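These notes are about the structure you will find just below.
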Amino acid sequence: MMFGNLPDVRKPKEGYKKYLEYFDLRFPRIQEEKHFQSYYYYTYLKQIRISIIFLTSVLFIGTMTAYISPLDISYLPYYDSKNIYYFNYVQPNVTTTSSSTTTTSSTTNSIDSTVENNNFTEADGHLTNYYFPYLANKARDTFILRMITIGLLLFYFIFTFTAKFKRLWKLFTTITLFLVSCIVLIFESDIRTIPGRMVLLFIIIAISSGMTFLPSMLASGGLCLFFFFYFMFYSQIAGKQMVLLSLVLLISWIILMIISRFKEQLFRDKFRTLENLKIQTIRSEKIINQMLPTVVVQRLRLQSSKDQSLETTLENDKELSIKKDEESNLTGKKQSKVVVSPPPPPTAAAPQQQDNEISTPQNSRKIVDPQSPSSLMPGQYSVTDLIVDSYDPVTVLFCEIVNFNALVEKMSSTQVINLLNEVYNSFDRLTDVYGVTKVEHIGNVYMVVGGCPELCPDHAQRVAHMSLGMLSVIRRFGIVQVRIGMHTGPVVGGIIGKKKLSWHLFGDTINTSSRMASHSSIGRIQVSHPVQQLLRPYFLFEDRGKIQVKGKGLMRTFYLVKTKQLDKRYTSIFSSLHREKPYIPPVDISEVSFENQNNTIGKGDDIASGSATGPTHPNIPNSMLSAIPSRVSIEMNPLGGSGSIQKRERKGSIFANVMPPKVLNFLQTGSLTSPQQQPLPQQSNSEETISNSPRLSSTPQSTSTLQHSSSTGALGSLINNNNNNNNNNNNNNNNNNNNNNNNNNNNNNNNNNNNNNNNNNNNNNLPVSLISPISQNTTPTGSLSLPVTEKKKQTVQFGSISRSSSISKGTVGRSPSPALFDGGIEMDDNGGGAGDDFNTMEPNLDLGKGIHGSNVISTNNSKLNKLEKDLTKHYTLDKFKLSFISRGNLVEKEYRNEYILKNWNRILASMLMIVALFGLSGLVDYFFLKLSSISSIVKVEPMPSSSSSSLSSSSSNSMTSSEEKFITLHTIRSEENLIYDIITGVRYGFVFFCLIVIYVVSKFKTFSIRKWIQEVVMVFFIVLAAVLIVLTSVPPLNKIPLDSVILSIEIMFITICYNFSGIKFWYSNIVCAFCIIFIEISKTWKQAYHSRDIYLSHNYYLITAVLINIITSYFEELFNRLNWVHGRLLDKDQRETESLVAEILPADIVKSMKSGRQLIVDEFKNVTIFLSDIVGFTEMAARMSPRQLVETLNQIYSTFDEIAQEFGVLKIATIGDAYFCVSGCPDKDQTDHAFRVANMAIKMLESIKSIRTVDNIPIRMRIGIHTGPVIAGVVGIKMIHYQLWGESVQITQQMESTSRADMIHVSEDTFNILKSKYLFEERPDGIIKKRKIKTYFLLRALTENDPQPEVKTRSVSVSKSNFGGSLQYNQITPTLNLPVSQLIIKDQNEIKNQNDHDNDDENGNENGNESSSSNINEEEEDDDNSNNNNNNEDDESSYEDDQEMNQYLNNSENNKNNNNNSNQINEEDGNWAKNYDGSSESS
């Protein structure tokens, strides 16, 4: 299932209900259906009003035309024997001749002249008195009734602007259209105008009214019933002809209803696409922000987009040049090849201009194509554009779980990971509460930083509150013991490598913070002296004195105790947490948090409305905000979202899971009492601080800030769809509606806000805990910054980017606004200026206001509008030609190909529809022709029998008048019937020919033929319309009034062609033009035989229907193209997110999260772990600048990433200068995991030889490999990544730390797997920090020329009670044939220097590598009691281990001379040993 798709949870219907699903297009979820109805209403509201005006105009013009120039219906024949009023035929004086042919010809001419001269007389005088009793007053009554109807329509048009119309607009519109359509048919006595009039009314109701399928079907269906009963019972028109006419209208109604349903389904598909795109965008941002900080993501997007825009432009130019070359080769013209040279790189000022440019091919501006590779694909940025920034100062916190190894021994692996997941989830939520950034968690160490990547001056206070909150949470778990350390100083942050993108911090501050945690006491917070200096005015400390810090010497440290300002309340509440019943909060990975997007401030006009009287807040009295000046600056959300200032408590949130009710009440109100009993304090001057939270502190700055931080959901919640976003969309939205409506009324802005708050949802209260003071020049993401006194614009430098003090709108997590890149938008004191520009830039379309008056999808407004505006950046659409002009003709071809494949069945169905109408018109015309000729309406008495005998006896005698008339009319009728039969046969023969054509077209398989289907359909429609007109215009049919049926059929042809055929808009215009030409020629041909008035009426109906279809077809074509682009953006965003997640998490883990698995933990019995470390990293970092250091690491790790990907090894993480990989998990099918890792390690050692530092010093590294069981999984909800736990990880780290430079150190388990294919050297000093493990150095892979001798190698076991060494012989093959004496370093001081050097390397791992080492080597610190004495004991223990190793080396050196039976070393190995000794000394 795709990330953004909403699953269908409807139950399958049975019985007759399943057949009703065709008419029920509603979404299965009530909330989603409400969103759609609201969105549909505000999208089609203008079209509804336009349809009312159009219907009013049509009715008015038709009424005036009928009143001024009424149709002449005195000679109109009616097509049924019961209703035909016969006329006596007055035979003119005609000269009788002996020739029957002459007589027949003269008689026919006399009949024609009689018809033309209207020489009919009433037979019985009841035509006027009986059938049309109201003929005298018909025109007057019709005029009065229709003018009243026009007045009612105008009143209804005004009614559409009221609030009551919005609630039942479908019902009102349905009733109105039905009544108006019925009134249009009343007093209509000319049956020739009824078909065209009915079809036009159907088109207005079904297509142009803007109503959905069911209301349109009800209104038009009611009109059909009215038509049938009115003309059948009131006008008394009945018989076969009336039934056939009704059949034509019924088929036309069915076809129009199919088109109406199709259009609604198309609109619903677009809405679902936009909803999925919106949800996918939100979830993608949340997922990405869980992997990387928001600021880093935005900079990475911006930078990658610039690089890819150039690449895309070059690729498009190349494609166009290749296309031109191919065309020239086909035409035989020789053209010179086009050589595309890349444009010069943009300057420092160029990027901002390029971002604001709209991509058009005319000005050759850069195009950002959503079909191009992901804008967030890793490795798309160059070394010169690394995401690296320096931050000074920041506060770093390390929290270490001390008894983690003890928990692992006492509890099962699943229980330990569950516990760890609960702890880290609680910590992750606390980072949102206190506004700090989680860097990462490594094993049992949790790292937090304040002040970067988002700058804030109170970073130390935030981190201090975070540390106290972490202790309060840990007390609830009972069995977990932690120690916390803090330090303040400068750091460097950036992203390195091509795989497993992660944001790391580098610098001595990180190392010192790790030391503060490792030297702290259990349950205490140890801070350095710089931190104590920053927090001294706000917190109480306990002076610990000077302690010996590993790698730092003596440092003065302090224990953080509690706060000063909130002494009683804070300490009493949080100290009572451990007395409550231990409670582990439930994990709900399917929980989705959409507060940031759903609870919004509003758009630009919302803020502009309050600019005159100052900023407002829905839950703060105006008296408190009266002192706040109105000059503020606004930051726009990169995604166009709205800022969140309200939060509704929901089940499973941070406040419900982490904090008990007492603390929750305190966080909301600042008091232990109920929220109703604790009023907000009044602000008297600018020096006072608005705060009632645990983070309250008096700052010297003369600023006041209202901050709101919201928590982010879990990654699983972002992947698995949840209905919380739909359920929360109904809240907090009336404020936005009223603010939008009162945009221009600045004087009443505050009153409107207060009224809205009193009338709207009561659950949307802003927790007071989210209010904290920070300075004016800082805007934490997700906060509302209200400057109090200073109006001077202040900026904070972030690398090369500056940002102004602003109001953050709708940022995701703590995402900054585009003001970082494009600058903020300022509003003057009078509310004008840039505020108007903001409203112009992002207009309020009021999308999604609910049926019951609530803005149920206000979130969609800015999101969908922003998406609509972004289309011009991705695709350039020519709105006149309705074609894409981006990238030459490539985009247009791609759209056309996909459109044809998607709408193939629809195109064939449209062809069947017009063929069915063509055949139906032939059937109807046949029965009309039988009874519509002049011979059928003239009453002829039967010829007497005497005439028959006299005719047979004497043909030469002259005939009587009646006999001559009978023979003449009988001959005419026989000739006409023969012609009618021939024409009908030709029609149905053509119908069968068309069916054969459709069958042949449907069998087209190759796309090279299918791509011409639109042209084929266009010709098919034109030919069918021409045949229909021609067959009804040949003599004698040109003298018969068949235009009423033909007109309705042609209008249906045009409607199907425009709205259902699936051909291009301009092709439909060509078809329509030919239809109009054919009809007009036919009318001109028939005009000599019929009245001109009826043709004027037909032209009126025809032109009106054509205009309606042109407008609707144009917008449908535009609609389809925009919807296609939305789908491409959705696919692009999904690909980007999945690509990024795949780079950070394994594919199997992503699938598990998609399936709804809440906790991802697995046990693997046999995997191979790889860990490398750079030798002398501390000295190397001291010689290089921070940026040079990060660039060097990026070069190294990018190379390693490519090698790891080549061998299919999974990169776990980079920890400072350590590179951590694993093979064999999570893919259990990798049985050759040890060989993969071994080959990768060998190639890494070869590749790193070509990398040097800036001072041309080669880089050397140590590698450790071990094979064993591990526990792997994902814990936490922020900055998550795939992790490993277990003893095998610790052994691997020890293998690396005890290895030698440029050597691959493997354990015995790995050696047993690889010994048959690789050459090894046994390491005799086999003690690995309290572990008796045989270890080996992997040299290279075996070749065919290498001998495989079986030799006895030495394995050493050392006992702690006896410092001597014992030698044991085991048969192990193959190994390097070297004497032990050559493998032992002779100088004991060299061993000591090597160990010291390794310790320095550990100290130099500047991204918590020391913390990682402390995580893995917990055996040395399990018994710490968190005091200085225990730390000294650790040093003594470490010293004893060194003495044991030295004593063993002495014994080995003494026994060296006794080893006379050792094999001789060859020259190559001797050189290697010599080089190794020299390299060790140099290192």
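Glycine too: its Cβ is placed from the backbone N, Cα and C atoms.
Listed features, source Swiss-Prot:
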type	residues	note
BINDING	D1173, I1174, D1217	Mg(2+) 2 binding site
BINDING	D1173, D1217	Mg(2+) 1 binding site
COMPBIAS	355-376	compositional bias 'Polar residues'
COMPBIAS	610-619	compositional bias 'Polar residues'
COMPBIAS	672-684	compositional bias 'Low complexity'
COMPBIAS	693-712	compositional bias 'Low complexity'
COMPBIAS	720-765	compositional bias 'Low complexity'
COMPBIAS	772-786	compositional bias 'Polar residues'
COMPBIAS	1354-1369	compositional bias 'Polar residues'
COMPBIAS	1405-1416	compositional bias 'Low complexity'
COMPBIAS	1432-1444	compositional bias 'Acidic residues'
COMPBIAS	1446-1465	compositional bias 'Low complexity'
DOMAIN	395-517	domain 'Guanylate cyclase 1'
DOMAIN	1168-1296	domain 'Guanylate cyclase 2'
REGION	323-376	region 'Disordered'
REGION	598-619	region 'Disordered'
REGION	672-838	region 'Disordered'
REGION	1348-1369	region 'Disordered'
REGION	1393-1483	region 'Disordered'
TRANSMEM	50-70	transmembrane segment
TRANSMEM	143-163	transmembrane segment
TRANSMEM	168-188	transmembrane segment
TRANSMEM	198-218	transmembrane segment
TRANSMEM	219-239	transmembrane segment
TRANSMEM	242-262	transmembrane segment
TRANSMEM	907-927	transmembrane segment
TRANSMEM	982-1002	transmembrane segment
TRANSMEM	1016-1036	transmembrane segment
TRANSMEM	1040-1060	transmembrane segment
TRANSMEM	1061-1081	transmembrane segment
TRANSMEM	1094-1114	transmembrane segment
Query = Under an 8 Å Cβ to Cβ limit, what residues of the same chain, 6 or more beyond the ends of the transmembrane segment (1016-1036), are close to it?
reply = 907, 910-911, 914-915, 918, 921, 925, 933, 976, 979, 983, 986-987, 990, 994, 997, 1001, 1042, 1046, 1049-1050, 1053, 1057, 1061-1063, 1067-1068, 1070-1071, 1074-1075, 1078-1079, 1081-1082, 1085-1086
Request  = Determine which recorded stretch among 143-163, 198-218, 907-927, 1061-1081 has the most C-beta pairs below 8 angstroms with the transmembrane segment (242-262).
outcome  = 198-218
Task = By DSSP assignment, list the helix, strand and coil residue numbers for the domain 'Guanylate cyclase 1' (395-517), in that order.
result = 58 helix, 37 strand, 28 coil
Query = According to DSSP, how is the domain 'Guanylate cyclase 2' (1168-1296) divided among helix, strand and coil residues?
reply = 54 helix, 38 strand, 37 coil
PLDDT averaged over the residues of the domain 'Guanylate cyclase 1' (395-517) = 86
Key: All-chain count of other Cβ atoms within 10 Å of D1217 (Mg(2+) 2 binding site)   = 28
